[in-house]
Structure formats: C-alpha cells, structure tokens
Amino acid sequence: MEGNKINDGVNAGFDPSPENGDLKSKPQPTKDQLASDVSVAENAPKSRPQWDSQWEFLMSCIATSVGLGNVWRFPFVCYQNGGGAFLIPYIIVLILIGKPMYYLETSLGQFSSSNCVKIWALAPAMKGTGYAQALSAIYVVTYYMSIVGLCLYYLVMSFQSTLPWAVCQPEWLNCVPSGQSVNESIVIGEPKSSAELYFTQTILRQSDGIHDGIGAPLWDLTVALLVSWIIIFVIISRGVKSSGKAAYFLALFPYFVMLILLIRAVTLPGAGMGIMFFITPEWGRILELRVWYAAVTQAFFSLSVCSGALIMFSSYNNFKQNVYRDSLIVTTLDTFTSLISGITIFGVLGNLAYQLGYDDINQVIGSGGSSLAFISYPDAIAQSPFVPQLFAVLFFLMMTVLGVGSGVALHSTANTILLDAFPKVPTVYMAAVTCSCNFLIGLVFVTPGGQYILELVDHYGGTFMRLFAAIVETIGIFWIYGLENMCLDIEFMLGLKSSFYWRMCWGLITPFMMIAVFFYSFITTERLMFGQTYEYPEYAYIFGSVLQYAGIALIPLFMIITFYKYRSRNIIETLKRSFKPKPTYGPAIPEKREEYFQFRRQAKYERNLKRKNWFHHIALSLVGGYRWKS
C-alpha cells in the first residue's frame with residue numbers, strides 16, 4: 001500500500017514512497033536534478049489524439065459498458081444463479097468492486113495518457129498485467145462479434161411479412177407457435193416454442209455436441225460475421241475522430257427501444273411470475289460463493305473493467321476531464337440498464353412458461369450460450385399485436401448497436417497497444433489487419449458447434465483470467481505503487497481528495513473480496529457444462545485451460561523479463577529497480593509534469609512530518625489522514 005522498501009530511493013524529482021526520517025535533514029534537489037526533470041518532461045511521449053469533446057468520452061464509455069452484457073449475459077447469468085438471489089450480491093459487488101475499479105482505470109488512463117500496457121511505467125515488473133487484460137479483450141471480442149452477426153441475421157429476417165420464428169415448420173416436433181398456448185397445439189412430448197426451434201435448428205443448425213468436431217463455418221452466418229467486422233473497421237478506421245462521433249448513436253439509441261420492450265414485456269400474460277422470480281431472493285443462494293463469483297465476473301463483463309478498454313478510452317481525455325463524475329454516471333446507468341433488461345426478459349420468460357403450461361420458470365429454457373436473447377425477446381416481439389416486424393427491426397437494430405459499441409472498445413484496446421508500439425503505421429492499415437485477424441478467429445463461432453465453443457471461451461478466457469488480472473492490478477497499484485501515491489495523482493489531476501470510501505475499497509475491500517472469490521472458484525471449480533447437461537470432450541477442457549493460463553502466465557513472464565533487464569548483484573536492488581516507477585511516468589504535458597513534481601515533493605515533505613512507523617502510515621493512507629490539514 002506504499003511505503004514499502006521496494007520503492008525507496010527513487011530520484012528526488014519523482015519519489016512515490018517516503019523514506020523513514022525527516023525530509024529536512026536530506027539534501028534538497030539541485031539545479032542539475034531539476035534540469036534532469038525538465039529533460040525528462042521534454043522527452044515525454046508525444047501528445048495523443050483527444051476526443052473532440054468531453055461528451056464523446058462519456059458516450060463512448062456508456063456505449064462500451066452498456067452493451068450486450070446487460071441485455072444478453074446479465075439475464076442469462078441471473079437465470080443460472082437463482083434469479084433474485086443473484087441481485088443482492090450483484091449490487092453489492094458493483095458498489096464495492098465495480099465502481100472503485102471503474103474510477104481507478106479511467107483515472108489511470110487519463111493521468112498518464114497511456115494504454116493498459118504503458119501505464120505500468122508506474123511498476124515495470126507488473127507490465128504483464130496489461131498484456132493479460134488485452135488478451136482477455138481479444139478473447140471476448142472474437143465471440144462477441146459473432147453474437148453481433150446473429151443480431152444482423154435476425155435484423156434481415158425481421159423484414160418478412162411473417163416473422164419466421166413465430167410459426168412452426170412441419171419438421172419441428174412438439175412445436176408451439178409464438179403467442180399460442182400449449183393447449184391449443186398438438187404436442188406429444190416436451191413442448192418447445194417456435195422461437196427456440198428457429199434459433200437452434202434454422203439459424204445455428206446446432207449440433208448435439210462437439211465430440212466429433214465443430215463442423216465447417218455456415219456461409220450465411222459467416223457473411224453476417226464479416227459485415228459486423230466491416231462495421232467495426234469503419235468506426236475505428238480514423239481512431240477517436242471517427243469512433244467518438246459514432247458513440248452518440250451507439251450510446252443513446254438502445255434506450256429508446258429498451259423502454260418500448262419493457263412496456264411490452266410487463267403487459268404479457270404470465271409476466272408477473274417471471275418478474276417475481278427475478279426480484280425474489282432465495283436467501284440460501286446468497287451465501288453460496290459461486291453466486292458471488294458470478295456477480296464479480298458479470299460486473300467485470302458488463303462494465304468492461306480490467307479489459308484495458310477504459311484505460312484506453314480515458315487516455316484520449318483532456319488532463320482535467322472530470323472522470324470522477326463520468327465514472328459515477330456510467331456505473332449507475334449500467335446497473336439501471338441491467339435491471340431493466342432483467343425485468344424485461346424475465347417478464348417474457350414468465351409468458352413463455354405460461355404458454356407452454358409450466359409452473360416453474362426453470363423449465364422454460366435448458367440450453368446455454370446466447371439463447372435467452374435470441375429466444376425470449378423474439379418470442380415476445382412475435383406476439384405484438386401492432387406490427388411485430390417494426391418491433392423486431394427496432395430490437396435487433398438495438399442489439400446490433402449495443403454489440404458494436406462494446407466491440408469497438410474491446411477491439412480498440414489491442415489496436416491502440418499496437419498503434420502505440422508502431423506509431424508510424426497508419427491507423428486505417430492497423431485497423432484493417434487486426435479486424436481481419438479477429439474475423440478469421442471468429443469463424444469458429446459460426447460453425448454448428450460454435451455455441452459450445454462460445455461458452456467455453458467465455459468461461460475460461462473472459463472471466464477467471466480477467467479476475468486474476470484485476471487482483472494483480474490492484475496489488476500493483478495500491479500495494480506496490482502505493483495507495484497514497486495514487487490518491488495524490490488523482491488529487492493533482494482533478495483537484496479532488498479521495499474519500500474514505502474510495503480508499504477503503506481500493507486498499508482493502510476490493511482486492512480482498514476479489515482474492516476470496518478467486519481462491520474459492522479455483523478450489524471448487526466444477527467442469528463447465530453446456531446448458532447444464534452437456535459435458536465437453538476432454539480436449540475441450542484442455543483447450544480452455546490453455547486459453548486461461550496463457551493469459552495468467554504473461555504476468556510472471558514479464559516479471560522475469562523485467563528482473564533480468566534491471567538485474568544487479570544485489571537482489572534487493574534488482575527488486576527496487578523493477579518495481580519503482582520510471583522517470584517518464586506522470587502527466588504527458590511538460591508543463592503539468594513540472595507542476596506534478598513540485599506537488600509530489602511538497603506532499604512527501606508533509607507526509608514525513610506526520611508518519612511515525614509503517615503501521616501508522618497504513619492507517620493514515622486508508623483514512624486519508626495525510627491530506628488532513630493540521
């Protein structure tokens with residue numbers, strides 16, 4: 001949490017950690033040292049492109065965090081974890097983990113004007129954390145865009161005079177058309193809605209498993225996937241200059257459609273049963289750590305924290321942008337959107353149970369993957385008495401927009417890292433190469449076995465690995481770089497002193513909650529089952545583990561590389577060099593850097609006057625005592 005011996009002995013111009021003793025007895029910076037600071041400032045990274053207005057950043061964050069994770073993944077995870085039992089852990093996690101991590105990452109990116117890899121100039125040995133987050137973003141965006149492709153497919157099908165998922169085909173057994181009660185249909189075995197059969201048999205042509213392989217890419221879904229990546233390319237081809245303009249539509253349009261669907265869902269017969277399932281907690285489930293693990297991973301997925309996207313977006317901000325306000329707005333709006341989506345989809349699930357003659361919501365849908373979004377919503381739309389084609393077009397256009405908003409952010413994370421590493425490559429060329437590569441990878445998700453692979457990648461690449469990277473991130477920033485140092489950086493940038501809530505969350509509550517959930521999930525992990533019934537072949541679990549541990553291994557790998565780079569005969573000296581901030585870390589604007597160095601020197605002086613010992617320092621850091629006026 002700062003004050004450890006690793007960071008002692010940093011140059012006078014930038015010392016993240018006070019040494020024991022009184023600063024008065026130590027030599028003050030000489031003219032040569034100050035000149036060296038100015039030289040470092042002059043050699044600071046060139047100014048990055050910036051948003052044309054602060055609203056573009058806010059809209060981009062909304063488009064990123066309010067996405068398919070709210071409409072598709074949140075109801076699905078909630079469904080798997082007992083409905084209402086999931087809501088209380090989810091809201092607690094958002095308050096104690098989601099909001100602090102969101103504010104932290106937007107502050108980090110804006111303060112240093114750096115991507116998720118370069119911000120680790122604050123502790124070079126932790127650089128692998130940034131690469132692990134970027135790899136996780138790549139995992140997610142490759143399957144994410146296949147879902148956007150499905151949305152585009154449904155969007156095209158919505159223009160037919162009769163919605164194709166509203167009627168049963170002759171070859172579908174035990175099919176119940178949308179809007180028709182099971183008592184009105186000839187059903188011999190277990191009834192299934194026409195929307196479910198249309199999704200699994202007509203669109204996905206889903207296989208019974210992947211023991212015999214996943215099959216070849218389906219041509220129509222491949223075309224849809226290609227179009228989705230072309231859209232991403234067009235938006236990011238000019239960097240923030242083009243993506244910022246698109247963000248207004250990507251952020252605002254979905255809410256218009258979402259409110260219309262909410263009104264429609266709550267007026268359906270049987271909707272009350274589904275909504276009550278959603279909001280009624282099963283108190284026994286709340287004590288299950290697996291539910292808390294699901295809440296943590298959903299918060300990460302929904303808010304896009306620890307994916308590098310927030311750091312990347314905020315790195316294009318003006319240095320004084322009020323990210324504190326923006327973070328509170330986006331995280332609150334994200335929670336609100338998830339609740340709206342949950343009420344809507346569970347209202348539809350209640351209606352489906354009513355139609356199929358079930359008394360229990362759990363009997364409605366047994367398959368996994370993205371089925372809830374492509375069965376429940378379409379089924380509700382088909383029942384609309386007022387031009388269902390219009391509702392279908394609006395809904396799937398909304399879904400496409402939501403997916404594209406998050407896809408732009410996730411893809412831009414890796415794209416920005418490459419552009420910063422190869423600044424001479426034009427943005428349009430880099431975007432073309434990276435979009436093409438991700439499209440080719442995404443072909444695996446448009447095969448008959450694609451949904452099985454999607455859930456595999458989501459489980460191993462998008463959750464567990466991301467949680468591990470988040471834990472390492474908090475340790476690197478608050479326990480190595482220093483809680484007090486991070487709060488000082490924010491105070492210098494925004495003029496805001498970090499409150500007790502932020503300090504306690506950052507220093508103790510957030511990392512320890514994540515560590516507890518991580519170790520529980522690591523110890524009690526059960527084999528992933530598709531739709532809670534299908535067990536994957538052994539090679540699939542090996543493949544998932546490789547995805548997961550490849551990202552985790554990046555963190556110790558880059559630690560070893562850094563230790564070698566800063567090696568010396570003294571191990572302690574090697575550690576100091578590897579974990580102390582680089583002289584280049586700080587504001588990218590030369591004038592701000594000079595002010596920052598002076599601000600930090602004064603803060604260090606005042607801190608040494610108050611500090612008595614290490615434990616006293618920890619206590620003062622957690623309560624903000626160093627910044628209290630005497």
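Cβ atoms here come from the backbone N, Cα and C positions, even for glycine.
Because TrEMBL annotations are produced automatically, they should be read as predictions rather than curated entries.
For Cys175, the disulfide partner recorded in TrEMBL among Cys151, Cys168 is Cys168.
Residues 138, 141-143, 145-146, 149, 214-218, 221-222, 224-226, 229-230, 232-233, 236-238, 411, 414-415, 418-419, 422, 453-454 of the same chain lie 6+ residues outside the transmembrane segment (428-447) yet bring a C-beta within less than 8 angstroms of a C-beta in it. The Na(+) site is defined by Val66, Asn70, Ser302, Leu402, Ser406, and by the 8 Å test on Cβ atoms against their centroid, the other residues of the chain that qualify are Thr64, Ser65, Gly67, Leu68, Gly69, Val71, Asp334, Thr337, Gly405. Within the same chain, residues at least 6 positions away in sequence whose Cβ sits under 8 Å from that of Cys168 (disulfide bond) are Cys175, Val176, Pro177, Ser194, Leu197. Note on Asn70 (Na(+) binding site): other Cβ atoms within 10 Å of its Cβ, all shown chains, come to 28.
Packing around Ser406 (Na(+) binding site) is summarised by its Cβ count: 29 other Cβ atoms lie within 10 angstroms of its Cβ, all protein chains included. Between the transmembrane segment (248-279) and the transmembrane segment (467-488), the number of CB pairs under 8 angstroms, six or more residues apart, is fewer than three, so the stretches are not in contact.
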